[in-house]
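Below you will find the structure I want to go over with you.
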Amino acid sequence: MSYTAKFLTTSLLFSLLFISTKAANFEIRSNCPYTVWAAASPGGGRRLERGQTWNLNVPAGTAMARIWGRTNCNFDGSGQGRCQTGDCTGGLECRGWGVPPNTLAEYALNQFGNLDFYDISLVDGFNIPIEFSPTSGGGSGKCQALLCTADINGQCPNELRAPGGCNNPCTVFKTNEFCCTNGQGSCGATHFSRFFKDRCPTSYSYPSG
């Protein structure tokens, strides 16, 4: 199974479900007019200029995985440094998850029924637009291209604004209303989550939806 994840001028693409028994290949492409430092867990990290790609092979059975873009990074010759958004472990090679706000492409391979699952999540907020889509094996018709290309940074509510991005309300308020800290189903949509959902309807906007 192959997937394409794109950092676009208005979006970054990742996510959905598919039947697969082999490792997956992710082609991560930047279409942004600025430098993006792509990150993946598992996978590490890579600097991408506009039009450049990074191919990532992921073993079958990989779960709780994510790909995202980092912006305004500054790394030294040994690969140590920081990013304004999406920073992870202070290095070019990520060994953990990124710091919000960051737009996420999430996936899990060979899960129930041997299906692959993928999505775009704004549960950690938004920093750059994403597109996430399968590039092969889509004959079942169940796998769709996912997009989050709205100008969320430009339209971000004042309470959620962050340097280089737009926070999810859970990051800011840290209450059950926005974070579902009391368990799945303990919170619902809010006016903040609807702000994200209205602009990126195929993306998750809060922990339960």
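Cβ atoms are placed via backbone N, Cα and C, with glycine included.
Keep in mind that TrEMBL annotations are predicted by a computer and have not been checked by a curator.
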Which one is it, Cys143, Cys166, that TrEMBL ties to Cys156 with a disulfide?
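Cross-referencing TrEMBL, the cysteine bonded to Cys156 turns out to be Cys166.
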Which one is it, Cys170, Cys187, that TrEMBL ties to Cys179 with a disulfide?
Cys170
Between Cys166 (disulfide bond) and Cys88 (disulfide bond), how far is it from one CA atom to the other, in Å?
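Spelling it out, the Cα of Cys166 (disulfide bond) and the Cα of Cys88 (disulfide bond) are 18 Å apart.
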Consider the disulfide-bonded residues Cys88, Cys94, Cys156, Cys187 and say which one has the Cα lying nearest the Cα of Cys170 (disulfide bond).
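That would be Cys187, nearest by Cα distance.
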Tell me the Cβ neighbour count for Cys170 (disulfide bond), meaning other Cβ atoms within 10 Å of its Cβ, over all protein chains shown.
23
Could you tell me which of these disulfide-bonded residues, Cys88, Cys148, Cys179, Cys200, has the greatest number of Cβ atoms within 10 Å of its own Cβ?
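The residue with the most neighbouring Cβ atoms within 10 Å is Cys148.
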